[in-house]
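A.B. asks: Please find one structure pasted underneath; my questions will follow.
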Amino acid sequence: MSSGADVPSDAPAHCPGTQSDDAGKASACAGCPNQQLCATGPKGPDPAIALVRQKLADVRNKLLVLSGKGGVGKSTVTALLSRAMAHRNPDENFGVLDIDICGPSQPRVLGVLGEQVHQSGSGWSPVYIEDNLSLMSIGFLLGSPDDAIIWRGPKKNGMIRQFLTEVDWGQLDYLVLDTPPGTSDEHLSATTFLKGTDGSWGAVLVTTPQEVALLDVRKEISFCKKLAIPVVGVIENMSAFVCPKCTTETRIFPARTDGGGAEQMCIEMEVPYLGQLPLDPRLTKCCDEGKDFITEFPTSPAVVALEEIVTKVRQFFGDGKGERQ
């Protein structure tokens, strides 16, 4: 019997798993695009798992940020959570790892687009946004931000392995991983590596209120349950637009008429609900310009809501400093 972590996302039904002795040879493997690779590839645990565990030994908590559908603001939420925790806890260290290989956006959102990664004796040095907040992204390795990355799964997995084994993060209290939408090779690779590390880990899922987004985030929750990924909770992003002049609230993406939305979905699927982040056009502008929305607009309803979400995230990890200061 195979574990979910060694079954490729595009595998047929009844796949024996890549580590099985029947990999590439079972009747279920007929017609699978991975058949030849599985039949001839090495069996047994990936030796990189032990190396990742060693390299991340000083990383206390690992947080995956997931979304079922693109365009729900997952990368924005990743940046907001990371900045908010770094601001609140200046005596702690935070890292962001952008594993959205084909669509790296963190360098722009965090205001370090065009920076270069430097090599040291202990590996790649991440780019620092603040004294206690650093970032690694494939965006730093491209000749131009307009360059397309056209890679198949194995090469993406190799890049993630390299990020986890060759980046000199140092001591971190939180490593936040920005992932691509859906449940793809990047998610399977990251999950396999993180499961073998010490410390705590879990996933925050980001959605918008409308049913078409909730449909996919339900699948993401199912993915987490199948792979035993602890679910920190669900954030409903762009829940409403709050006018900065009159504070009138308008639902841009209304939920189902039967009282749905992310909160009801969390009740149905028995996962924590972390809260709502209202839509603020100023946040979009800050992301485009790489500015810190939290310090630019500290009284924004989005920042107020974010602080409450950060408290819940830190409490999930058993952090006594999760309470608002």
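The backbone N, Cα and C atoms fix where each Cβ goes, and this holds for glycine too.
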A.B. asks: So Swiss-Prot lists Cys29, Cys32, Cys38 for [4Fe-4S] cluster 1; which of Cys15, Cys102 goes with them?
C.D. replies: Cys15
A.B. asks: Could you tell me which of these binding-site residues, Cys15, Cys29, Val72, Cys246, has the fewest other Cβ atoms within 10 Å of its Cβ?
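C.D. replies: Across Cys15, Cys29, Val72, Cys246, these binding-site residues, the one with fewest Cβ atoms within 10 Å is Cys246.
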A.B. asks: Just jot down the residues in the same chain as Gly70 (ATP binding site), at least 6 apart in sequence, with C-beta under 8 A of its C-beta; none if empty.
C.D. replies: Pro180, Pro181, Gly182
A.B. asks: Check each residue in the chain of Cys38 ([4Fe-4S] cluster 1 binding site) that is at least six apart in sequence and keep those whose C-beta is under 8 Å from its C-beta; list them in sequence order.
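C.D. replies: Sequence-distant Cβ neighbours: Thr18, Ala23, Gly24, Cys29, Cys32.
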A.B. asks: Write out the long-range same-chain contacts of Gly73 (ATP binding site), meaning residues 6 or more apart in sequence whose Cβ is under 8 Å from its Cβ.
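C.D. replies: Long-range Cβ contacts: Val206, Thr208, Asn237, Met238, Leu277.
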